[in-house]
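Per TrEMBL, the feature repeat 'WD' maps to 252-293, 294-335, 336-377, 378-419, 420-461, 462-503, 504-545, 546-587.
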Amino acid sequence: MFLQNEQIATDNEVISNISTLFRSNVDPIMDIDIYEHNMKQERKSNEENKDEAKYNDITKVIETHNKKTKKIRIGADQYTFLHKSCQEYYAAQKIILDILSWKPDIVTIDNQQFQQQFESHVQTLSINCKLLNEELGIIQFIAERIHDINPIFVNLKARLFRIIETSKRDENVSIAAANAITILNSANVNMHYKDWNNVKIPYAILDHAFLEGTNFTNANLDHVRFYQTCLNKVNFTDASMNDIYFGEYAYLEGHSDKVNGIQFSSDGTKIISYSGDKTIRIWDTSSRKQLHTLQGHLGAIIAVQFSHDGFKIVSCSWDRTARIWDISLGQQIQLLKGHLDDVRSAEFSSDDSKVVSCSSDNTIRIWNASSGKQIRLLEGHSGSVRTAQFLEDDSKIVSCSWDKTIRIWDVFSGRQLLLLEGHEGRVTGVQFIPNGPKILSYSMDKTIRIWDALSDQKLQLLEGHADEIYGVQLSLDGSKVLSYSRDKTIRIWDLLSGKQIQVLEGHSKSVNTARFSFDGSRIVSGSNDGTIRLWDVSSGKQIQVLEGHLSTITGVEFFSKESKILSCSDDSTIRMWDISLERKIQLTEGYID
């Protein structure tokens, strides 16, 4: 006999009592499903065995395993399990026995007839009693048998796929189907290009699964987990997807058009997003609730910047204006009007007393942030001015233009101080490097150049990209710079030597955005391919791929103190992602082919 909790069972009844244990102790969480129809081997072994030998063999194998489990005799005919894992093991064997011991009642039978007979039996299986999501030990024991070389278990994988298939026509086996697909996923079985229309697998766990090309049309996927799952070309048409989990937190929804960018406040408590819908939205980071919608612009928002004190933001738009807003009130404070074409960027001075803006009208303008009045008009560029920013002491401004030049200006007089020439294509961005002082520029000519901010001397030329560079970012310690490009790569450069340290390859389309983590050890990138990727800086290796956005990624940001990423997309959503790495690292090598 076995003593289990307060119940005593005879040796002959142990399997029955394990079934009772399974029914009472397994609680639901979230699971996932996948279906594969490779049944030749199963048909051969199941349809040609005409006697009880197979059932006896299965029972014999289980009894052999049972002798190895840890149980303690506490009476003449009584035992107790030494550890919960022993209970899990017996429950797993009961489930396996149920699945494999069934055989058709006709000797000669085709695959369709086999499936029809099997479906009538699925409702009675132990695997259909309770979701196994909180009984990971049971899931793991069964998953291990899928790869067991003992021929007794050769049909287990195929039978699990048959259970998933059954759910297409019988909603009463949805628990069994969800458990089956979760077990297959735990066993690292690829489930790509499956025709799983109408399957019912609510609460299934498909984290890290490879589901490329799978058809989930009209499927019940309520509460299914798809954390870091490969969903390329998956068809979710008309699928029920209530409370589905893609590995990210709840979306920040509200924008009705492309989200052009996102930014954290300096204290990390707020997020601003700006969109083609002409609005700016302010969100609370912890609750993810929208605090304000800032309306007033008459065109798409191009860029937004926080003030250094964190109380205001400045925005610029296709409507030819820049605007200053009070964050706490959610109201417009000033309208900066004067540009004759779209305003490409706007930034505060370090003391927040001034704003510098630049435009496709070829000019730069300096504004009084308190009054909204224009202080200076800086003219000299012969093409659209793409970026303008204050240098460290606010006495100078650096600008870049499609006229292929970088210029440095005196804030107080408005006079041009330096003209930096050398780029052979449009200069799309410029950034001040504090320790130098130096200036970094990047261009459509595929190069990055570093200049002396006190002279017109070019200090370094960084070459390697094969197409236009879309952006750069300095590491917090100022030792490195990353660049991202239309050539589908991110590159890491040593600022002191100008040498390329790493090339990060993996995106299949242009890389639109990339950021260093706060400790400089990782990089997150977003691409036109709809994916977000996480990279290790020292090795250059890709760590994670985050899928879920439905269109081009337009912005990514690291949280300052948490293992989370913020992203925005042309699909009008903002998403938060959990990037804890432990399980991903554990599973990646084993089954992503």
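Cβ from N, Cα, C; glycine included.
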Candidates 252-293, 294-335, 336-377, 420-461; stretch with most C-beta pairs under 8 Å toward the repeat 'WD' (546-587): 252-293
Intrachain neighbours beyond the repeat 'WD' (294-335), with Cβ under 8 angstroms and 6 or more residues off its ends: 257-258, 260-261, 263, 265-267, 270, 272, 274-282, 341-348, 350-352, 355, 357, 359, 367, 369-372
Summary of DSSP states over the repeat 'WD' (378-419), given as helix, strand and coil counts: 0 helix, 24 strand, 18 coil
